[in-house]
Amino acid sequence: MAQSNLYSRVLGTGSYLPPDRVTNQDLADRLAKQGVETSDEWIVARTGIHARHFASPDQTTSDLALIASQNAIEAAGIDPQSIDLIIVATSTPDFVFPSTACLLQNKLGIKNNGAAFDVQAVCSGFAYGVATADAFIRSGANRTALVIGAETFSRILDFNDRTTCVLFGDGAGAVILQASEEPGVLASALHADGSYSDILCTPGNVNRGAIAGSAFLHMDGQAVFKLAVNVLEKVAVEALDKAKLTPEDIDWLIPHQANIRIMQSTCRKLRLPQERMVVTVGEHGNTSAASIPLAFDVAVRDGRIQRGQNVLIEGVGGGFTWGASVIRY
Ligand code: UT7
C-alpha cells in the first residue's frame, strides 16, 4: 500500500552529449551535397535550434545512457548497487530486445537487483519514466530508481527529408530518485491518444530478417505543433492542481525541447516569465526522451535549480503521448 508520507526525491542528475557537434551550417553544407536545401536562417527562425550532437557510428543508446547515469550516480553520491529500479525512456533502443535498461544495468555492473525495463512514449518518455518510478517508490516496491532518457535519433532520420532531419539530435540525461520523507515528486499526470499515432511515427518493424514498412521518422509537423501547444498547457495545469500549486509557485519550467515557439507559447499560456523556463533546444536540438533530463542537468549544474525549488517538467510526443510532473528539488 502506498505510504502517504513517502516521496521520490531527486538525489542527483547527470547527462551526456556525444562529442560530434553539428551546427546548422554544417548540416546545411552536408545536405546541399545531396541536393537537399536548407539554411541556418530557416532552422533558427522556425525552431530556435542552432546545433545538435550526433552519436559516433559505434555509440549506442545504452552507451550514452551509461555516461549520463554514471554522472547522476556520482552527483547523488550513492553506491550503484543500491539502485533497485532502472527505467530507460527511449524510442531508439540498442536492440529489439533485450531492453536498453537491462543492457545498461549490466554495463553499470549491477547484478540481479530489482527491475529494469524500457518505457516507450517517444518525447514524453522521461515524463512517463518519472511518474512510473515515483509510483513504484511510493508503493514501497522499490527504494532507489535510476530514470534515464536516452536517444540516438540520428539513426532514424531520413537525411533526404529536410522537414525532419534538421530537428533532432542525440544525447542522454538521467536522475536518481530515492524514497524519502522529504518532498520530491509532488504530482504527475500522464495521457495518451493513439488515434493520433500516424502524425509522428517510425512505422516499421522487423519481419523475417528485413525491415517491413519504414525505418525513418515521419512527422506532420503542423499537426504535431497544434496538438502540442494545446495539451502542454492542459497537462501542466492538471499536474499543478494535483500538487495543489499554481504557476506562480513554479521556479523552473522544463518543457520538452522540440521547438522554441511551442515552449514560449506554453510559458505564455501559464503566465510564467520566460526567464523561468530552462531552454537547451538551441544547443541540443530535439533529443526526444533525453531532452528534459538533459535540460534538468544543465540547470542543476549551472546553479539555476536550487534545493527546495519547484520544478515543472512536461513532455509531448509520438503516440500521441503527453505528461507532466511537479518536482520539489
Ligand atoms: O518532439 C516531438 C514533438 N515535435 C514537435 O513538437 C515538432 C512540431 N512541429 C514543428 O516544430 C514545426 O511544425 C516545424 C519546425 C517542423 C516546421 O515549422 P513550420 O513553421 O510548421 O513550417 P512548415 O512545415 O509550414 O513549412 C514552411 C515552409 C515550407 O515551404 P512552402 O511550402 O511554404 O514553400 C517547407 O517546405 O518551409 C519549408 N521547409 C524548409 N525550408 C528550409 C520545411 N523544412 C525546411 C527546412 N529548410 N529544413
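Don't overthink the numbers, they just go from 1 along the chain as shown.
Positions of Cβ are set from backbone N, Cα and C atoms, glycine also.
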Residues flagged as region 'ACP-binding' in TrEMBL, choosing from 152-156, 177-181, 182-186, 257-261: 257-261
Distance from Asn286 (active site) back to Cys123 (active site), taken between C-alpha atoms, in Å: 9
Rounded inter-Cα distance in Å - Asn286 (active site), His256 (active site): 8
Number of helical, extended and coil residues in the region 'ACP-binding' (257-261), per DSSP: 2 helix, 0 strand, 3 coil
